[in-house]
């Protein structure tokens, strides 16, 4: 029995890392590659090639990733792409090909959700409250951190809606509130919005009032109200900051955080003008320099020297062209299309993840960060196998 648990633990190592070590450093996605290699070797030693055949034949998400990888490989040699993106894609592909999806069952996923949620709260309290570090000085950037936190928030809500045991409902309700606290403390507007929309969608989809005991609803509202009172200051601070930036934009000052993003988005058509099909790749900074020399962008935007456009859709279009944008949108639409005939827990989990990443992509680039790219690819890839099994 101990040997079996050890083997399962080694195979699940990448998902364990996603709920623990992923928060520890800016390069935690590089360490993830080691975790994946350990998982792959253990899977091959335990199951042989049985899982490989099953996954390649049945999981069409793997087929899509192979197409995306082929295009990125071409782009890498043509005009350059992020090595972080290629590394995460290759590692995720290899894991999904060899991974026995049945190991990530509901019980295991719930356990990882609890661990990931608590670890996330400890992380944000330690670095933002105890050490009083700015979000830019955290070991993991606040935006990928909050994106992962929002994923665990959605997981915990979906599990809550599918739970009938009162004790478990109370525990999961606390996990929901823990994730909300982490999100508020991270002060990331885009992921807060994404989380809110995903929650509303899932609650409407599942008809919450038929699923949860009235006592749990009342208790959750009381605890949630208490948390918002405790965290009132950071919430008000972020709202005030947003209002100040809005008034600056109204006055024609586009040097604030939001103002610079508006300038970036406005520059996208000029950046892509001569490279519509394939994009400019890693030459984006050179293209921005050229626009500045032609006086087509402001000094403030030039000084920013952005590595991306703070919008995943525009960023994909500019760097990878129309072809890259189409493949990216396919990555978002795939879980929706493949799960449309089912209404399982795994469908709801998948849709929650898709909504979070789709909305977050409007103001940031979650697919450019290794940590969040791993989160999307691995969870969606495994959930797809459960959805296919349910269809069968």
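Placement of Cβ uses the backbone N, Cα and C atoms for every residue, glycine included.
TrEMBL lists 7-25 (among others) with the feature transmembrane segment. Sequence-distant contacts of the transmembrane segment (7-25) (same chain, at least 6 residues past either end, Cβ-Cβ under 8 Å): 31-32, 35-36, 38-39, 42-43, 46, 95, 99-100, 103-104, 108, 112-113, 115-116, 119-120, 123, 139-140, 145, 148, 152, 371, 374-375, 378.
Feature annotation from TrEMBL assigns transmembrane segment to 31-49 (among others).
Within its own chain, the transmembrane segment (61-80) is flanked in space by residues 55, 86, 89-90, 92-93, 96-97, 278-283, 320, 323-324, 327, 330-331, 334-335, 338, 377, 380-381, 384, which lie at least six positions past its ends and keep a Cβ under 8 Å from the stretch. Summarising the annotation, TrEMBL assigns transmembrane segment to 61-80 (among others).
Per TrEMBL, transmembrane segment is recorded for 109-130 (among others).
TrEMBL lists 142-161 (among others) with the feature transmembrane segment.
The transmembrane segment feature in TrEMBL is assigned to 168-185 (among others).
Among the features that TrEMBL reports, domain 'O-antigen ligase-related' is placed at 175-329.
Residues annotated as transmembrane segment in TrEMBL: 191-209 (among others).
If you look up TrEMBL, you'll see 216-235 (among others) marked as transmembrane segment.
Residues or ranges marked as transmembrane segment in TrEMBL: 317-337 (among others).
Residues 14-15, 18, 22, 29, 32, 55, 58-62, 65, 84-85, 88-89, 91-92, 95-96, 99, 101, 104, 147-148, 151, 331, 334-335, 338-339, 342, 344, 346-347, 349-350, 353-354, 357, 366-367 of the same chain, all 6+ positions outside the transmembrane segment (373-388), place their C-beta atoms under 8 angstroms from a C-beta of that stretch. Residues annotated as transmembrane segment in TrEMBL: 373-388 (among others).
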Remote residues contacting the transmembrane segment (142-161) - C-beta distance under 8 A, at least 6 residues beyond either end: 18-19, 22-23, 106, 109-110, 113-114, 116-117, 120, 123-124, 135-136, 169, 172-173, 175-176, 179-180, 182-183, 186-188, 190-192, 194-195, 198-199, 202-203, 206, 208, 211-212, 345, 348-349, 352-353, 356-357, 360, 364, 366, 369, 371-372, 375, 379
